[in-house]
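Peer 1: Just passing along the structure, written as structure tokens.
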Amino acid sequence: MGCKNLLSLGQQMLRRKVVDCSREESRLSRCLNTYDLVALGVGSTLGAGVYVLAGAVARENAGPAIVISFLIAALASVLAGLCYGEFGARVPKTGSAYLYSYVTVGELWAFITGWNLILSYIIGTSSVARAWSATFDELIGKPIGEFSRQHMALNAPGVLAQTPDIFAVIIIIILTGLLTLGVKESAMVNKIFTCINVLVLCFIMVSGFVKGSIENWQLTENKSSPLCGNNDTNVKYGEGGFMPFGFSGVLSGAATCFYAFVGFDCIATTGEEVKNPQKAIPVGIVASLLICFIAYFGVSAALTLMMPYFCLDTDSPLPGAFKYRGWEEAKYAVAVGSLCALSTSPLGSMFPMPRVIYAMAEDGLLFKFLAKINDRTKTPIIATVTSGAIAAVMAFLFELKDLVDLMSIGTLLAYSLVAACVLVLRYQPEQPNLVYQMARTTDELDQVDQNEMVSASESQTGFLPAAEKFSLKTILSPKNMEPSKFSGLIVNISAGLLAVLIITVCIVAVLGREALAEGTLWAVFVMTGSVLLCMLVTGIIWRQPESKTKLSFKVPFVPVLPVLSIFVNIYLMMQLDQGTWVRFAVWMLIAFAIYFGYGVWHSEEASLAAGQAKTPDSNLDQCK
């Protein structure tokens, strides 16, 4: 009996979501277009990083070669963005990576993904709100910070912030109120701030190229101190030239620059609020990443042309660079752009946060009252207010520098799961899920052969076991031209094995870096064997028949691109320190307590599995 109950629980955790086939039906308001999505993605991604991150990475890691660091980071982000784009075309519903995981790899993984997305958005909102407050305080002479230190100091070093940030709380309250008014209104404000930000960045790039000098990309160490006007012995000069810290410095800078592109995934949460989601979401993701890369590339190039990389101020590099060139008045233009960027960033974090909460509550995995929709504004008002309140409390009490890495680990985990979902789903047979049917036209749905549809109850508990026998021939040379249950099972097993192998490669590459450099036998053997097995398993997946489902957008070069995306994301996760992993473990313990205490028993999919599900025939009729 115990084994039977354990098996039943396992099936519950792996059940997959069957989504309503209706294309248009949504409780949310469909009012966003492609331009709105591009503005949302650019506003979320092109935030404080462009005004601060470029200086820190150029000075400490890459020098003028920071432009290559941003290029590598952009390519890594595009890999994840392409995977999000395909799922946006397949499943244009609210929920982003959470929903993508739910319809592909099962309920437990979906809950983990959604829970970490919520964490990322909350921390992103709180940290940028504090940055906005600090920037504004700096601009007016720091009276707010001085008042807080004198009258509101918190005596809990290492636990709470030195002073509470009331202004950050006010910012979050204003943005929360703006989001409760409606999607169209908040999107309009976002577009205005984003346009101002882009114009300021264009001004910075043009000014930098005009006032800059190519000599700053060709410096040697003996030219350093006179150029900076100081004799600081702590300044790192490297070897000079365009790539002063070598290619390893460029890669190290790319790992940091990757986080500058985090934010585009908020586009994928708008599936039920976009007029034409199958086309608008992929275009919005790719276009926003392209615009952000051009901005990061141009600003970092202008910055290192205007001023020697080793002289850059890591906190406020752009005002320092203009001052170095004798144009101190330009700092006001930089301040305007910085405040606009810091205004769109929390809006970009707060916009998807309640929508992920709403999607999880609608599915019964979080408390049901969080799924309430305001009748007038058609927004998830309870989820918006709740998430805003949590973000405000964190911004008020905590120094968030220790939580930034925690935000990154949650985002990278979501990216990895989405890439894995694309890899798995591309090789699965047709199922009655919206995963396939939402991407089709009504005429195409009329032609679906009902005999090819498997039952909804079977599909909920995972991919079905195969009737064929495993053999080298059936694995490497499948008979069918279309995906079957057997080929789908092979891909599932291969994807799981591939994840283990990639994790092994990343652990050895990061933790065994010195052993690899010294040629230690065990490190070389494990690394070589794991890489070869990764190539073999990827080849096995490539040999399986691929789904011919027509979509408005598909990731090219599958399975190679999703595998590369998973590798990059896991490698960056392994770069995070031990404290981050401990905090991540605590966050996950809270997640498991909620899921096993509430979610697994109140899941809507559990109700369907218990007998309330519609028959495959009725699901098909609904699509016609």
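Each residue, glycine too, has its Cβ placed from N, Cα and C.
According to Swiss-Prot, the protein has these features:
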type: TOPO_DOM; residues: 1-35; note: topological domain 'Cytoplasmic'
type: TRANSMEM; residues: 36-57; note: transmembrane segment
type: TOPO_DOM; residues: 58-61; note: topological domain 'Extracellular'
type: TRANSMEM; residues: 62-82; note: transmembrane segment
type: TOPO_DOM; residues: 83-102; note: topological domain 'Cytoplasmic'
type: TRANSMEM; residues: 103-123; note: transmembrane segment
type: TOPO_DOM; residues: 124-162; note: topological domain 'Extracellular'
type: TRANSMEM; residues: 163-183; note: transmembrane segment
type: TOPO_DOM; residues: 184-191; note: topological domain 'Cytoplasmic'
type: TRANSMEM; residues: 192-212; note: transmembrane segment
type: TOPO_DOM; residues: 213-241; note: topological domain 'Extracellular'
type: CARBOHYD; residues: Asn222; note: N-linked glycosylation site
type: CARBOHYD; residues: Asn231; note: N-linked glycosylation site
type: TOPO_DOM; residues: 263-282; note: topological domain 'Cytoplasmic'
type: TRANSMEM; residues: 283-302; note: transmembrane segment
type: TOPO_DOM; residues: 303-332; note: topological domain 'Extracellular'
type: TRANSMEM; residues: 333-353; note: transmembrane segment
type: TOPO_DOM; residues: 354-379; note: topological domain 'Cytoplasmic'
type: TRANSMEM; residues: 380-400; note: transmembrane segment
type: TRANSMEM; residues: 404-424; note: transmembrane segment
type: TOPO_DOM; residues: 425-487; note: topological domain 'Cytoplasmic'
type: TRANSMEM; residues: 488-508; note: transmembrane segment
type: TOPO_DOM; residues: 509-521; note: topological domain 'Extracellular'
type: TRANSMEM; residues: 522-546; note: transmembrane segment
type: TOPO_DOM; residues: 547-554; note: topological domain 'Cytoplasmic'
type: TRANSMEM; residues: 555-575; note: transmembrane segment
type: TOPO_DOM; residues: 576-579; note: topological domain 'Extracellular'
type: TOPO_DOM; residues: 601-624; note: topological domain 'Cytoplasmic'
type: MOD_RES; residues: Ser618; note: phosphoserine
Peer 1: Between the transmembrane segment (283-302) and the transmembrane segment (62-82), are there three or more C-beta pairs closer than 8 Å, counting only pairs 6 or more apart along the chain?
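Peer 2: Yes, the stretches contact each other.
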Peer 1: If you average the pLDDT over the topological domain 'Extracellular' (303-332), what number do you get?
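Peer 2: Mean model confidence (pLDDT) across the topological domain 'Extracellular' (303-332) is 83.
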Peer 1: Of the listed stretches (192-212, 380-400, 488-508, 555-575), which one yields the highest count of Cβ-Cβ distances below 8 Å with the transmembrane segment (36-57)?
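Peer 2: Comparing 192-212, 380-400, 488-508, 555-575 against the transmembrane segment (36-57), the winner is 192-212.
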Peer 1: Excluding the flanking five residues on each side, which residues at least 6 beyond the ends of the transmembrane segment (555-575) place their CB within less than 8 Å of a CB in that stretch?
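Peer 2: Contacts with the transmembrane segment (555-575): 76, 79-80, 82-83, 85-86, 255, 258, 408-409, 412-413, 415-416, 419-420, 422-423, 426, 498-499, 502-503, 505-507, 509-511, 534, 538, 541-542, 546.
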Peer 1: Which of 62-82, 333-353, 380-400, 404-424, 488-508 has the most Cβ pairs closer than 8 Å to the transmembrane segment (103-123)?
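Peer 2: Result: 404-424.
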Peer 1: What is the three-state DSSP composition of the topological domain 'Cytoplasmic' (263-282), stated as helix, strand and coil residue counts?
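Peer 2: Within the topological domain 'Cytoplasmic' (263-282) the tally stands at 13 helix, 1 strand, 6 coil.
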Peer 1: By Cβ distance under 8 Å, which residues at least 6 away from the ends of the transmembrane segment (333-353) in the same chain are close to it?
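Peer 2: Contacts with the transmembrane segment (333-353): 40-48, 50-51, 96, 117-118, 121-122, 124-125, 128-129, 131-132, 135-136, 139, 171-172, 175-176, 178-179, 186, 189-190, 193-194, 196-197, 199-201, 203-204, 263, 265-266, 269-270, 318-319, 322, 383-384, 387-388, 391.
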Peer 1: Take the topological domain 'Extracellular' (303-332) and count its residues per DSSP category (helix H/G/I, strand E/B, coil), listing them in that order.
Peer 2: 20 helix, 0 strand, 10 coil
